[in-house]
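**Q** First, the structure itself, so that you have it in front of you.
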Amino acid sequence: MDGRYKHMIDSLGPDLFDKIQNSRVLMVGAGGIGCELLKNLVLAGFGNIEIIDLDTIDLSNLNRQFLFQHKHIKQSKAHVARETALKFNPHVNIKSHHNSIYEDQYNVPWFKSFDLVMGALDNLKARQYVNQKCIQAGVPLIESGTAGHLGQTSLHVKDISRCYSCDPKPVPKAPASCTIRSTPTAPIHCIVWAKSYLFCKLFGEDEDAIKEDAESAQNTEQLETLRKESEATSRLRNALGTEEFGKMVMQQVFHDDIEELLNQKEKLSWRKEPTPLDVNTLVSNAVEAKDKGSTEFEQREWTPEEAAHVFLESTSKLSKRMAEGLKEDPNFTLEFDKDDQDAMDFVTACGNLRAHVYDIEKKSRWDTKEMAGNIIPAIATTNAIIAGLVVITAIRVIDGKYAPIEVEGKKTEQWKNAYLAGPGGITTEPIGPYNPLCVACQTNFLTLRVNLNTYTLGQLADLLQHEPELAEGDRRGLGLQLEAIELGDRRLLDFEDGPVEKTLSELQTKNGDVFIVIADCDEPGHTLTVDLMVEHVDSMEDNFYELVGSRKLASRPVSNPEEEKKEEEEKKEDGQKSLKRSSDDMKTDQVNGQANGSSKKAKQEDGPVHIDLDADDDGPMLIE
Ligand SMILES: Nc1ncnc2c1ncn2[C@@H]1O[C@H](COP(=O)(O)OP(=O)(O)OP(=O)(O)O)[C@@H](O)[C@H]1O
Ligand SMILES: [Zn+2]
């Protein structure tokens with residue numbers, strides 16, 4: 001071998017380097033962080049690497065996923081990442097899987113075959129799934145994520161540290177709907193109103209909106225306001241495609257509706273009272289900006305006259321598109337898309353005019369696009385820093401030095417998780433102890449070794465009810481309270497139905513599958529589960545079984561219908577001053593951005609690692 005590893009051997013010492021060379025590691029996801037990480041792993045001398053990614057390469061990946069080139073577009077990320085990384089260092093075994101990590105073949109025994117798993121994913125669901133598999137397999141996991149200039153790595157080791165799911169993940173907060181509808185105080189409130197409320201009312205599915213609005217009204221004055229609003233909306237929609245449409249909308253939403261709010265008996269709490277627009281004057285003064293179409297125009301604040309011009313122009317185009325569409329299909333609607341020029345013009349101009357009415361700072365078209373699309377820029381440098389931290393952690397894990405150990409009577413310092421907190425640089429935090437109520441890592445996990453071809457579900461039920469390992473305990477005993485056995489989405493057995501004579505393989509059970517055994521628990525609001533992995537052994541004995549692992553009898557909280565009802569009622573109360581539909585829609589819209597270019601898509605299930613970004617801060621909320 002050439003001298004490529006000299007620096008690594010010098011800095012780590014030959015023993016640790018040897019461990020790294022002989023280790024087997026898995027990298028899940030070969031996107032922004034994954035590409036950087038794979039490059040680091042091969043250069044650092046990790047000897048055996050498997051990578052998995054379900055996706056193919058897209059043009060928009062090329063600005064930061066440097067293992068890919070233009071010629072690779074549409075090819076498998078995992079395979080191309082492997083090929084490119086092998087060019088950096090051909091002395092590494094890399095196996096690539098163009099597949100989803102959820103596939104059955106990637107079962108617990110497969111996870112067990114690794115010394116370490118590194119997540120480089122972009123969504124919460126997959127992160128939680130990998131976390132669960134690592135816990136079941138007892139393999140350390142390094143999680144990582146970035147969002148713009150922020151990033152994080154965390155180490156999760158079963159029974160030593162918190163697992164990825166020990167901390168509840170922050171749910172993105174949407175501004176209260178009354179803020180959006182009546183009392184905006186920030187530019188984002190005006191933008192969300194334009195995009196999620198007005199755009200839908202004029203060009204989206206309107207009837208449901210009106211119905212739901214009426215349902216959410218709490219008093220007669222509100223009902224009356226809603227009735228007027230729905231009449232106004234019908235009038236506007238009847239004018240779709242006509243020359244007057246734009247001016248009519250302007251008059252309605254920037255003058256009449258504002259007047260209506262000002263005249264309401266029940267006073268709203270404004271920071272400053274809004275000023276209705278003098279629409280006639282504004283329309284006659286509307287002027288096309290001289291620099292329209294230039295980057296400067298995109299990035300600067302517009303005057304109300306310029307905004308009015310863009311508003312009238314875009315409304316006219318959208319309304320004509322609607323009218324055309326409706327001729328073909330009576331249910332035709334337009335959906336907001338930030339890459340639709342007319343829709344973006346409409347939302348920017350509307351947001352600006354509303355900001356003018358409420359005396360709020362105005363945002364450029366550029367900023368509006370970022371906010372309306374809920375885009376978090378993906379930054380190559382952040383990915384590179386985080387991937388660097390992951391590989392440093394990986395070396396510590398392979399060395400076994402992540403937990404405090406006694407060296408000559410002294411405890412070493414514990415490993416810490418690292419955060420990249422923007423301009424503040426890197427900060428660290430000790431890996432905390434696990435959360436005793438965590439559903440993911442505190443579930444009882446046992447391995448049952450049986451011959452799948454002869455062992456029956458009835459035998460399994462019997463075992464669960466009578467095996468002392470399961471039946472004993474400080475509660476009434478798990479054996480007396482069993483309710484059901486589930487495999488994936490299938491309920492194999494309800495204990496009330498009695499045993500079943502089919503063998504486990506006849507029930508499509510494979511080596512490495514995990515049964516979920518559900519039992520009733522004494523503790524109100526809790527349920528008791530045991531995850532039971534089956535491992536096939538070629539035993540000839542009919543009743544052979546071996547149960548490995550120990551039971552902890554931790555219970556997990558279950559959803560409480562009473563609590564849920566209460567929450568639902570609280571939500572309703574919150575909607576008193578507002579309209580239900582807009583609130584729900586906005587919540588979804590806030591998190592359903594579209595990805596393009598170097599940008600990130602923020603989906604509801606997308607998983608931040610830890611960093612809590614507040615939606616009220618004009619900013620994005622989720623993390624890559
Ligand atoms: N279940 C899964 N199994 C395997 N790979 C997954 C799974 N879920 C997500 N991934 C991969 O994780 C990677 C995350 O990378 P990254 O966050 O850079 O996203 P991206 O899709 O490349 O970027 P963008 O969303 O901006 O286009 C992606 O390549 C994605 O395909
Ligand atoms: Zn946990």
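The count begins at 1 with the first shown residue.
Backbone N, Cα and C define each Cβ position, glycine as well.
So TrEMBL lists these for the protein:
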BINDING   29-34, Asp53, 61-64, Lys77, 100-101, 122-127  ATP binding site
COMPBIAS  562-588  compositional bias 'Basic and acidic residues'
COMPBIAS  602-613  compositional bias 'Basic and acidic residues'
COMPBIAS  614-624  compositional bias 'Acidic residues'
DOMAIN    9-403  domain 'THIF-type NAD/FAD binding fold'
DOMAIN    308-369  domain 'Ubiquitin-activating enzyme SCCH'
REGION    553-624  region 'Disordered'
**Q** Across the domain 'THIF-type NAD/FAD binding fold' (9-403), what is the average pLDDT of the model, as a whole number?
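**A** Value for the domain 'THIF-type NAD/FAD binding fold' (9-403), mean pLDDT as a whole number: 90.
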**Q** Could you tell me which of these binding-site residues, Asn63, Ser100, Asn123, has the greatest number of Cβ atoms within 10 Å of its own Cβ?
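**A** Counting every other Cβ within 10 Å of each candidate, the maximum falls on Asn123.
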**Q** Please report the three-state DSSP label of Asn63 (ATP binding site).
**A** coil
**Q** Which of the three DSSP-derived classes (helix, strand, coil) applies to Gly32 (ATP binding site)?
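**A** For Gly32 (ATP binding site) - judged by DSSP and reduced to three states - the answer is helix.
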**Q** How does the domain 'Ubiquitin-activating enzyme SCCH' (308-369) divide up by DSSP, counting helix, then strand, then coil residues?
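**A** Split by secondary structure, the domain 'Ubiquitin-activating enzyme SCCH' (308-369) comes out as 44 helix, 0 strand, 18 coil.
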**Q** Which number gives the other C-beta atoms within 10 angstroms of the C-beta of Gly29 (ATP binding site), all protein chains shown included?
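**A** For Gly29 (ATP binding site), the 10 Å Cβ neighbour count is 28.
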**Q** Need the DSSP three-state call for Asp53 (ATP binding site) to compare against my parser.
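**A** Its secondary structure by DSSP: strand.
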**Q** Give the number of CB atoms, excluding that of Ala126 (ATP binding site) itself, located within 10 Å of its CB.
**A** 19
**Q** So for Gly32 (ATP binding site), how many other CB atoms are inside 10 Å of its CB?
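**A** Around the Cβ of Gly32 (ATP binding site), 28 other Cβ atoms lie within 10 Å.
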**Q** Over all shown protein chains, what is the count of other CB atoms within 10 A of the CB belonging to Asp53 (ATP binding site)?
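**A** A count of 27.
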